[in-house]
Amino acid sequence: MYESPFLKLKRWQWWLLVAINIFFLIAGQAAAVLLGRFYYDKGGNSKWMATLVQTAGFPVLCIPWFLLHPSREASTSSTSPSIKTLALLYFVLGVLVAGDNMLYSVGLLYLSASTYSLICATQLAFNAVFSYFLNSQKFTALILNSVVILSLSAALIAVNDDSDGPSGVPKGKFLIGFLCTLGASALYSLLLSFMQLSFQKVLKKETFSVVLEMQIYTSVVASCLSTIGLFASGEWKSLQHEMEVFGTGRVSYVLTLVWTAITWQVCAVGVVGLIFVVSSLFSNVISTLSLAVTPLAALVVFHDKMNGVKVIAMLLALCGFASYIYQNYIDDKKARRLQT
């Protein structure tokens, strides 16, 4: 049975590593969602470009990857998977990432940043189910409570008559955005569980470089597919016009896309890092916390409406997060007690 090597660390060292990845995930995701909404608000309209920038920033990860890459002796371990196995693994994960990013791009196009973020909180409920079947994650009363509360939070947004999209978006488009975001949350949760299974059954490496390696190679595949989609759909023809009419100018258009790409990669490192250090379900819980924080940032930046239902939904999301965090604290104490 696979055992996390991080149990060998001192308790404060383990929590420091977790805290660093939590910061990457929360800061990266909140900034990326707001920049994505800014792109659409100021005149951007290419769903494939919005999809591409979610993975196109992978070259910035090559520097730390080269610095952390294990020596040839370590990398030629008898337990290392074959090149063919790795290629197939990264290709499948990359295809899932590309499809998931496309669904998220459509969802963000038709929803306000706050509504989008609150719907995304359902990913924890999906991930709890997938983790149960794929990662042998046990359902406890606290985890079940977390799943129910977060599901209720999303349901409130779905039935709220005052749920809004950006100005000028009809109710039909709002429904499309809602369904795409819900589907993206489910696919994202499945992706996280597959990643955890990959660490346990295929990669079996105990270095952080494998986290960066997985992120880089899956991003290469996803970026290639997104680029093909951009040209095949014909949206590339409108990019020059988008740049010219962008509300804050050409330079701002380019910087928006560049920083969106970078912040998504920062977020992705936190996501995959938490899967490696803790579990896919824990990683999803932190994503949920970020999605509960993002509506507050959207309220300040974009003056999104924050009605009573949204406030209740956000408080429920925070309660669901707290419930799972406490369960993780109990599990960590138990694991360390058994080890010692």
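Cβ atoms here come from the backbone N, Cα and C positions, even for glycine.
Here the structure is a predicted model, which means the values were calculated and not measured.
Nonlocal intrachain contacts for the transmembrane segment (12-36), taken as residues 6+ away from its ends with a CB within less than 8 angstroms of a stretch CB, comprise 6, 50, 54, 105, 108, 113, 116-117, 256, 259-260, 263-271, 273-274, 277-278, 283, 286-287, 289-291, 293-294, 297-298, 301-302. Per TrEMBL, the feature transmembrane segment maps to 12-36 (among others).
Per TrEMBL, transmembrane segment is recorded for 48-68 (among others). Under 8 Å from some Cβ of the transmembrane segment (48-68) lie the Cβ atoms of residues 32, 36, 39-40, 97-98, 101-102, 104-105, 108-109, 207-209, 212-213, 215-216, 218-220, 222-223, 226-227, 229-230, 233, 235, 239, 257-258, 260-265, 269, all in the same chain and six or more residues away from its ends.
Annotated transmembrane segment per TrEMBL: 88-110 (among others), in sequence order.
Among the features that TrEMBL reports, transmembrane segment is placed at 116-134 (among others). Remote same-chain residues near the transmembrane segment (116-134) are listed as 33, 37, 107-108, 143-144, 146-148, 150-151, 153-154, 157-158, 177-178, 181-182, 184-186, 188-190, 192-194, 196-197, 279-281, 284-285, 287-288, 291-292, 294-295, 298, 310, 313-314, 317, 320, 324 (criterion: CB distance under 8 Å, separation of at least six residues from the stretch ends).
Residues or ranges marked as transmembrane segment in TrEMBL: 141-159 (among others).
What TrEMBL lists as transmembrane segment is 174-195 (among others).
The transmembrane segment annotation in TrEMBL covers 216-233 (among others).
Positions annotated as transmembrane segment by TrEMBL: 253-278 (among others). Taking Cβ pairs closer than 8 Å, the transmembrane segment (253-278) reaches residues 4, 6, 14, 17-18, 20-29, 31-32, 35-36, 38-39, 42, 44, 49, 53-58, 60-61, 192, 195-196, 199, 208, 210-212, 214-215, 219, 242-243, 246, 286-287, 328 in its own chain, all 6 or more past its ends.
Look at TrEMBL and you will find 285-302 (among others) tagged as transmembrane segment.
Taken from TrEMBL, the feature transmembrane segment applies to 308-326 (among others).
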